[in-house]
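**Q** One structure coming up, written as structure tokens, with questions to follow.
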Amino acid sequence: MRLTRDLAALAAGACLGGWARAGLDLALSSYLGALAVSTIIVNLGGAFVLGVLTGWVRLHHLDGRWRLALGTGFCGALTTYSSLMLVLAGPLPVWGAIEVVVLLGVGVGVAWGGVVLGSRWARVVQ
């Protein structure tokens, strides 16, 4: 029974994350004109949200199902670094490799900033 509830929480989070991703892709690509730009934005946004969640749970208990739903489910479905790997298969693989390394570095920085913010927020709420 526990496994079923865990999987349901994961699936619910993934559904919401997937819907958010699809909505953001539609909205951002209509304004920015490029799906690649929306992919970068959602990947960095998802890294930040996961960082905030990680910082928050350092000081506040969050049930494992909520962690599954929000972290693995929502953020996992929202983000996709696999799209960036297509850049490596493009016509300029060296430039693509540089772009991927830079974006991964920025993603780590954004996630770290989220952890710091989430930790501070958790202290204020405590």
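In case you wondered, yes, glycine gets a Cβ from its N, Cα and C as well.
TrEMBL annotations: computationally assigned, not manually curated.
The transmembrane segment annotation in TrEMBL covers 32-56, 68-88, 94-117. Annotated Na(+) binding site per TrEMBL: Gly76, Thr79, in sequence order.
Walk me through the surroundings of each of these features.
**A** Applying an 8 A CB threshold to same-chain residues 6+ apart, the list for Thr79 (Na(+) binding site) reads Arg21, Val42, Asn43, Gly45, Gly46, Ala47.
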**Q** Sort out the sequence-distant neighbours of Gly76 (Na(+) binding site) for me: same chain, 6+ apart, CB within less than 8 Å of its CB, listed by position.
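**A** Result: Gly13, Ala14, Gly17.
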**Q** In the same chain, who gets a Cβ under 8 Å from the transmembrane segment (94-117) while lying at least 6 residues past its ends?
**A** 40, 43-44, 47-55, 81, 84-85, 87-88
